[in-house]
Structure formats: structure tokens, C-alpha cells
Amino acid sequence: MCMMDNAVELQPQPTAQPPDTPDRTCRQCSRDEIPGACAIQDKGAIPPLEKWNASSRNITRIVAVCWSFLIVGMSDGAVGALIPYFKTYYRLSETIVSLIFLSPVVGYVLAALASHNLHTQFGQKGTAFLAPVCHTASYVVNCLHPPFPVVVVAFVFTGIGNGLEESAWNAWLGNMENPNELLGILHGVYGAGALMGPLIATSLITKAHLSWWEYYYIMIGLAVTEFAACMAAFWGADGSQFQAATFQSRESNANTRTDLRIALSKRPYARITWLCAIFLLGYIGIEVSLGGWIVTFMAQVRHGSAFASGLTATGFWLGITLGRLLLGFITPKIGEALAIMMYVGLTIVFCLVFWLVPNFYTSAVAVAIQGFFLGPLFPAAVVTLTRLLPRKLHLIGIGFAAAVGSGGAAILPFVFGVVAQSAGIQVLEPFILALSVAILLLWIGLPGIFKKHRE
């Protein structure tokens, strides 16, 4: 970030700029800035952006964070492959089984409300401790295959762990040099986990003839290693270190609510935060709806075998992974504004191919390609949010956007389950098509993104 030239600040302004027009130019860095952003961020000199390889400690932490996201991906990705077995074991309808998509949003909301205070008091070490504990608790409950309402509650704890890690680690990497590349790798690792999850779960059930809950024995072991890795990496990252990094003292903790109010109600920050949050809600809804229901769709509508249908979920998450890893390096060269428009547009094209060509193999390839172009959307949106908001609002803004976005992972797949109960599972692609058009329009309406990336 940068400081506004003092001479420029002291000169009278002949005309007032509209409050929602981020077009002031910072002379030191020659980039467009939202009015007042530098003033809000800089009460003194702001240090340069941290490099990921500046120290062995940073490298260790990035490895631990990536390991966490691999486990989160394995947990999320397996749900879609396990839905047919949940339905059979508990004798559930599409509407009732969809509750496992809905319950994690409670956890994400709780995580969003707690994230900033957790960081202020305990730093990143607090997230490194609490998130793996929540994961472990959830997986232990699932291993016991209790009544379905208890399984639904267990997924709340999954949501808490995921929400804490997503807001904390996204904000941390988003404030480093080369954030697009770093976040692309991070979410690519998540995609790799989401690819492995359905493949392992489907193989255990269809090839090894094990029960669905035995997949969670593996997840317990991974969550224990997640706890050890994160605690070792972030042991020294306490609350005072977080406060120093965000230019806060312990006496300023009372400003948390003020910062949240600024991010959600003060123009232009509120418009940026809300539009990014709703964009992520739609995007994550698309991702989870496709990943969660594609196995059922391919088995019932395209008449695939249980194993082949399960592999289509693996193909989708493979596309997500490759998209995040490969397109993450292309996105900053194009600019987030244009890149996301292109990616969503291509997603719409292959959505139409999937819908209009009723062939199993064509559908499987089209879904994988949709995953490829959906992959970089989340990290690119996070980078955009960190560039458009002041630094002090990054954790709150990203945490709020991730929490609202998590609603897409819960509400939209649940809504589809209700729709599928009455209209049939074949309405999956029209549902995805409508959501894709909606997030494209939301992105175009985000203020300042086009000017921001002309430089």
C-alpha cells in the first residue's frame, strides 16, 4: 500500500468526489485508490508486502495452511459422493438429505462472528488450534453413524472449522506479494482434496465394500495431523503479533464493531463488501451444487454405473484444481475484472453443452471443464476485495464475504434439493445456468474494478 503525497492532501479540492467513485490516484504508487483508503490504512508508514519465501517460518506456515485446505477439500468433496448412501442408509428424500448442505452455514456464521476477536486475543494460533479441533469432533461423530439429525449437527462443527480457516488463511495470503498465485495454489490444493475425497469414498464403498462412515476414520487421522502441523507452524503467532501487523493496540479492540459497521454500511466499502459477498454466495452455490448433486444426476439421468457416476465428481474437482493452479498465474496478467468475466462466460457455454447434449461422456467432460473455469473465481475475488478495501478491513471484509459465501454452499444446494424433489434431478443444469448468469451480472456491477486493473 502507499501514502498520499502530503502536498496533495493539503490542497483544497474544487469539487467533491462522489462517495462511491473510487477514482483518486495515489501519487506514490500511481494506482487508483478508493477515496480515504490511504488515510484509513496509514496512521504511520505501512511496511512492504511480505514475501512467501522471506523466511523458513513463512514456508512452514504455508505448507501447514495448504495441508489444512487439502483436508477441508477432502471433507467437502466427499459429501456429494456420499449423498446416495446417506439417502439409502437413512431412507431420506432429496429435501431431507439436503440438510447436510444447510447446516454448515450455521458454523460459517459463527466462525465469521468469532474470527476477528479470536485473532485479536489469540492470533493465528487461535485458528490453528480451534479449527482442527472442530474438524476432529465432526468426523468422530460421523464415524459413529448416529441418527441423521446428529449428523446434521456434526456438519455445523465442520462449518466452524472451515470458516475459521478460510477467513484467516485467505486474509493472510491475500496480503502477501503475488496474492493471485498464492491463493491460486492454496485453493488448488483445496481442489486436490475435493478431487481425492469422492474418489476415495466411492472406491471404499463400491470396491472395498465398506460403509459410508468408514471414510471418516481416514478424516480423523488427517485432522489430528492438521492440528499438529498448524500448532507447530503458528505457535508464536499470538494476539499481540496480529494487532501489530494490523496496526492495532490492545486498547483499540473496541473498534471491531466500528470496523464491521464501516465495511457493511459506509460507502463505497459497503457496496464492495456486499457485492463480493453475494458474488461468492452464488459462486460457491454453483460449485457445491454441481459437486454435490452431479453423482446423483449422472446415475439417474445419464444412467451411469455407481462407480462411473462417482468419478464424474472426481472429474469436476480435478477441473477445479487445475483451474486454480493454472489460471491463477494467468489471472493477474489479464486482470481480475476481465478474467472473471471470461471464466464465467465460458462456464455458461459448457453449462449449455452439458444441458443440451444428453450423453454420459459428453456430460462428464463438460462438467470437468466447467470446474476448470470455476476454479480461479474464489481466489481472484478475494484478491479484488483486498485491493479495494483498506487493510484494517481485510479480515473483517473477507470473513464476512466468506460467511455469506458459505451460505451458497448451504442454501443453494438445499434449494436445489427441494426443487429436485418436485421437478426432478434433471433441472440441475438450468439451475446452474441461472446462477452463472446472476454472478456475471453481480461482478460487472462491482465498483472500481475496471479502473483498478487498467494500470
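Backbone N, Cα and C atoms are what each Cβ position is placed from, and that goes for glycine too.
TrEMBL does not curate its annotations; it predicts them automatically.
Taken from TrEMBL as is:
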- 1-24: region 'Disordered' (REGION)
- 61-453: domain 'Major facilitator superfamily (MFS) profile' (DOMAIN)
- 62-83: transmembrane segment (TRANSMEM)
- 95-115: transmembrane segment (TRANSMEM)
- 182-204: transmembrane segment (TRANSMEM)
- 216-237: transmembrane segment (TRANSMEM)
- 272-295: transmembrane segment (TRANSMEM)
- 307-330: transmembrane segment (TRANSMEM)
- 337-357: transmembrane segment (TRANSMEM)
- 363-383: transmembrane segment (TRANSMEM)
- 395-419: transmembrane segment (TRANSMEM)
- 431-450: transmembrane segment (TRANSMEM)
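With a cut-off of 8 Å between Cβ atoms, the residues of this chain six or more beyond the transmembrane segment (216-237) that come close are 57, 60-61, 63-65, 67-68, 71, 74-75, 123-125, 127-129, 131-133, 135-136, 139-140, 142-143, 200. With a threshold of 8 Å between CB atoms, the same-chain residues lying at least 6 positions outside the transmembrane segment (307-330) that come near it are 73, 77, 80-81, 180-181, 183-185, 187-192, 194-195, 197-199, 201-202, 206-207, 287, 290-291, 294-296, 298-299, 339, 343, 360, 363-365, 367-376, 379. The listed stretches are 62-83, 182-204, 337-357, 431-450; of these, 431-450 has the most Cβ pairs under 8 Å to the transmembrane segment (272-295). Here the transmembrane segment (95-115) sits against the transmembrane segment (395-419); at least 3 CB pairs are under 8 Å, leaving out pairs fewer than 6 apart in sequence. For the transmembrane segment (395-419), same-chain residues at least 6 beyond its ends with a Cβ under 8 Å from one of its own Cβ atoms are 76, 94-95, 97-99, 101-105, 108-109, 111-112, 115-116, 119, 159, 162-163, 166-168, 170-171, 174, 246, 256, 259-260, 263-264, 269, 272-273, 276-278, 280-289, 292-293, 378, 381-382, 385-386, 389, 427-428, 431, 435. Same-chain residues lying 6+ beyond the ends of the transmembrane segment (431-450) with a Cβ under 8 Å from its Cβ atoms: 20-23, 32, 34, 268, 271-272, 275-276, 278-279, 282-283, 285-286, 289-290, 336-337, 340-341, 344-345, 347-348, 351-352, 355, 370, 384, 388, 412, 416, 419.
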